[in-house]
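Engineer: Sharing the features that Swiss-Prot gives for it:
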BINDING   11-17, 39-41, 302, 328-330, 412-414  GTP binding site
BINDING   12, 39  Mg(2+) binding site
BINDING   12, 13, 14, 15, 37, 38, 39, 40, 129, 143, 221, 236, 300  IMP binding site
ACT_SITE  12  active site, proton acceptor
ACT_SITE  40  active site, proton donor
BINDING   296, 297, 298, 299, 300, 301, 302  substrate binding site
């Protein structure tokens, strides 16, 4: 039976920590989509591990890990990340990771094109990680991409990669700094190294579900970066919500037990795009500093602002969360008052809008309606149970819960693994 962990905002909500906490009960930990643009850190036994492409279930020595079919797979990063985990003391990682043979390959060519496309866009650039994710999904959808299983057919692999490179060379000319023959030569070695990890993920997941294995699925990025439901075009190139999980892992929807939405107690975003509750004044800077808001993948500072419950309600409508994990509540410890967005308002008519519009022009024209809640002005990291929290912190939790209509079962109160209050545990199916 499956538990799915999904980001409910624009990413960086703290999904990795919950994955780490739930992973000891899982037999398989899987990723469905995205690429090595995702990033999160996990602290286990006093050691910090960074994950980008690999599932964080590798921290659990008793857990198998799977990279699903909708992931765009950067082969050098795969081996580099495994080596770094070994250097930090994780053992047997090579025997606990499998890769779907249906994954598309994210080449260095795609990263080169990613940078050039951002330059083309100028002031309208997306703010990508520059790791080739968008171009990889573009070639996938254009049916010109290379899948993992094709790496093992040398003739097909080389022909398709040269065709890709030639197509981009025609578009960008000498601006494209890329040697296709060098990449082909590198893959002669990767072809041999990658073979033991490659699996038919459809059969693998079918057998696991038939046997009743406990499967933990960690979403990458977040709903508001979804190619269909996010703030398009300021999104990633994959389906980051529940639909992408089902497609990317061929998971049986009837065997999903829990869909846990992870939501930060405030809001952050990396890169360009709309962010209605962004605070460019003192509060935003304070959130950024106290929350250490800069990216694991890029090192870029995150834009910061107040919690947007319009976004969370929209995200919930799409992903159908059965429970929420509210993270980084402790970052709000020193705020006298805390603002929460409860609606948007048309400044022309004064009419309140409780939905999240698709049209970014309409979104930009709307004002935010805030509700102010009292802060608690005391540290909460040492709180171990829900009723250890100050009443103002509990009121904040309960306001969110009632507004969205989903139980908040996990509350993050600090950076460590043990800084997590479990509440309403009966809402989580074991």
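Any Cβ shown, glycine's included, is placed from N, Cα and C.
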Engineer: Between residue 39 (Mg(2+) binding site) and residue 302 (substrate binding site), how far is it from one CA atom to the other, in Å?
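Structural biologist: Cα-Cα distance, residue 39 (Mg(2+) binding site) to residue 302 (substrate binding site): 13 Å.
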Engineer: What is the total of other Cβ atoms whose distance to the Cβ of residue 11 (GTP binding site) is within 10 Å?
Structural biologist: 30
Engineer: Among all the protein chains here, how many other CB atoms are within 10 A of the CB of residue 301 (substrate binding site)?
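Structural biologist: Cβ-Cβ neighbours of residue 301 (substrate binding site) within 10 Å number 12.
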Engineer: Count the Cβ atoms, other than its own, that fall within 10 Å of the Cβ of residue 129 (IMP binding site), considering every protein chain shown.
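Structural biologist: Taking every protein chain into account, the count is 23.
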Engineer: Using residue 14 (GTP binding site) as the reference point, find which of the binding-site residues 37, 221, 299, 300, 301 has the shortest Cα-to-Cα distance to it.
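Structural biologist: Comparing Cα positions, the candidate nearest residue 14 (GTP binding site) turns out to be 221.
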Engineer: Quick one: pull the CA-CA distance for residue 40 (active site, proton donor) versus residue 11 (GTP binding site), whole Å only.
Structural biologist: 10
Engineer: From the Cα of residue 299 (substrate binding site) across to the Cα of residue 41 (GTP binding site), what is the distance in angstrom?
Structural biologist: 13
Engineer: Using a 10 Å cut-off between Cα atoms, which of these binding-site residues sit near residue 12 (Mg(2+) binding site): 301, 329, 413?
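Structural biologist: Checking each Cα against residue 12 (Mg(2+) binding site), there are no hits.
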Engineer: With DSSP assignments reduced to helix, strand and coil, which class does residue 40 (active site, proton donor) get?
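Structural biologist: SS state of residue 40 (active site, proton donor) = strand.
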Engineer: Hey, how far is residue 17 (GTP binding site) from residue 37 (IMP binding site), Cα to Cα, in Å?
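Structural biologist: The separation of the Cα atoms works out to 18 Å.
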Engineer: State the count of C-beta atoms found within 10 angstroms of the C-beta of residue 329 (GTP binding site), not counting that atom itself.
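Structural biologist: I count 25 other Cβ atoms within 10 Å of it.
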Engineer: Any same-chain residues 6+ apart from residue 302 (substrate binding site) with CB under 8 Å of its CB? Would you list them in sequence order, or say none?
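Structural biologist: Listed in sequence order, they are 12, 268, 269, 270, 288, 293, 294, 295.
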Engineer: Quick one: of the binding-site residues 37, 129, 329, which has its CA closest to the CA of residue 301 (substrate binding site)?
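Structural biologist: Among 37, 129, 329, 129.
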Engineer: By the DSSP assignment reduced to helix, strand and coil, which category contains residue 299 (substrate binding site)?
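Structural biologist: Where residue 299 (substrate binding site) sits, the three-state DSSP reduction gives coil.
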